[in-house]
Amino acid sequence: MTTAHRPTFHPARGGTARGEGDLSKLSNQYSSKDMPSHTKMKYRQTGQETEADLRKKDLRRELEDKERNAIREKRARDSASSSSSHSKRQRMDQIAAESAASVDADEAVDELNSSDDDDSDEDDTAALMAELEKIKKERAEEKAARDEEIKEKEEKQRMENILAGNPLLNDTPAGSSTSGGDFTVKRRWDDDVVFKNCAKGVEERKKEVTFINDAIRSEFHKKFMDKYIK
């Protein structure tokens, strides 16, 4: 193990090395970490699984004792669980009997009360059925009227579409902007852009076109300024 992490208790001192004079006999200082720590051999004691202890043990008898103890503990647990399950079963049977008795008593009381309420329930049921039939009839009439109105609107719209789609039956002029008689060709989205048809009219120009290496004095710049700036 390295001792580089330990503090330095013996710094460099002169006087005793070769080529140095004897200054004096300096006192020595020792640290407890520099002293020997383990100076005695340790031997196995009694009960630490020595060879003599292992020879004295009867491993077969110990194994048989452990097996007997395990069987005895298992039987004790089984008997305790069986007794607890038997007591639990008895308790559940008792609870079931009590609940059955309470249910029978409740049924008897319900039969007495139901016999008194049968007459009033029949009258209420008849009134509710009559009201329900009335509501159903009103809703059916409303639905029929609504369907008839929707049908009339659809027929009217269909006839309008037929008349608008026939140019012979449409009285609006062809140049108008109405939706029914607009037969003119629509303008393109790029009709009014700045640099459209820049090469138009090149053939009509004079053959003696001179090139000027100045964008400001060029013919294109002059025409552009005349058209869009002035």
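Backbone N, Cα and C define each Cβ position, glycine as well.
Here is what Swiss-Prot says about this protein:
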type: COILED; residues: 47-82; note: coiled coil
type: COILED; residues: 119-164; note: coiled coil
type: COMPBIAS; residues: 25-34; note: compositional bias 'Polar residues'
type: COMPBIAS; residues: 52-78; note: compositional bias 'Basic and acidic residues'
type: COMPBIAS; residues: 131-157; note: compositional bias 'Basic and acidic residues'
type: REGION; residues: 1-157; note: region 'Disordered'
type: REGION; residues: 164-183; note: region 'Disordered'
Counts of helix, strand and coil residues, the compositional bias 'Basic and acidic residues' (131-157), according to DSSP: 27 helix, 0 strand, 0 coil
Confidence summary for the coiled coil (47-82), mean pLDDT rounded: 85
Secondary structure content, the compositional bias 'Basic and acidic residues' (52-78) (per DSSP, counts of residues): 25 helix, 0 strand, 2 coil
Chain residues in Cβ proximity to the compositional bias 'Basic and acidic residues' (52-78) (below 8 Å; excluding those fewer than six residues from its ends, i.e. six or more beyond): 46
